[in-house]
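Some features that TrEMBL has for this protein:
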DOMAIN    66-116  domain 'NADH-Ubiquinone oxidoreductase (complex I) chain 5 N-terminal'
DOMAIN    132-160  domain 'NADH:quinone oxidoreductase/Mrp antiporter transmembrane'
TRANSMEM  6-27  transmembrane segment
TRANSMEM  34-54  transmembrane segment
TRANSMEM  83-103  transmembrane segment
TRANSMEM  115-133  transmembrane segment
TRANSMEM  139-157  transmembrane segment
Amino acid sequence: MPDTAYLLPAYLLLGLPFSCFLLLWLGGKSLNKSAGWIGVLCTAVGLVVSVINADPGSDHFIRFQWVTIGSHSVELSFRFDTLSVLMLVIVHFVALLVQLFSTAYMHDDRNVNRYFAFIQLFLFSMLGIVLAGSLLVMYIFWELVGLSSYLLIGFWYTKKAPRLGSAEGICAQPHRRCRFSDGYFNALLLYWFYGF
């Protein structure tokens, strides 16, 4: 049974950056003038929700049944504890500062909406890692961080250096992904054999 007191904050904290990403991505260049401030507003609301829900000493789990195969089921779970709430505040605060700086720095760019969409996708991915209550959820959001990092590094894809940087990031990513996957599957084997 999910902890209903934390359902709305969970939906807001993960839903705001993802919906902002979709809005900025699908809105196209028509949102160029306001893209930065839309991102700043969504991140500021997320920061306020994080601060309001900061409850030292709390430990709440939210679980969703994702897939059921026979008698086995796969759950997606999120955890609100003291450390994750502190990290939520830190991630939102840093993202807010980055976006405030970026509104001034990127204001003349032709694709500013795409940049802020990628920032929101990165924020969504980081928040997912912070709130992950299981290795599966952490792995999913880890992959999203890799994707959004690639998109941000290669944002100015018409220039050679960003293209090379994003290519280097993608070339290094499988090595890191392989190590994370090894750890993930070893943890699953330990759980399978020993049940802890």
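From the backbone N, Cα and C atoms, a Cβ is placed for every residue, glycine too.
Note: TrEMBL annotation is automatic and uncurated.
With DSSP classes pooled into helix, strand and coil, the tally for the domain 'NADH-Ubiquinone oxidoreductase (complex I) chain 5 N-terminal' (66-116) is 29 helix, 14 strand, 8 coil. Across the domain 'NADH-Ubiquinone oxidoreductase (complex I) chain 5 N-terminal' (66-116), mean pLDDT in this model comes to 87. Under DSSP, residues within the domain 'NADH:quinone oxidoreductase/Mrp antiporter transmembrane' (132-160) fall into helix, strand and coil as 20 helix, 1 strand, 8 coil.
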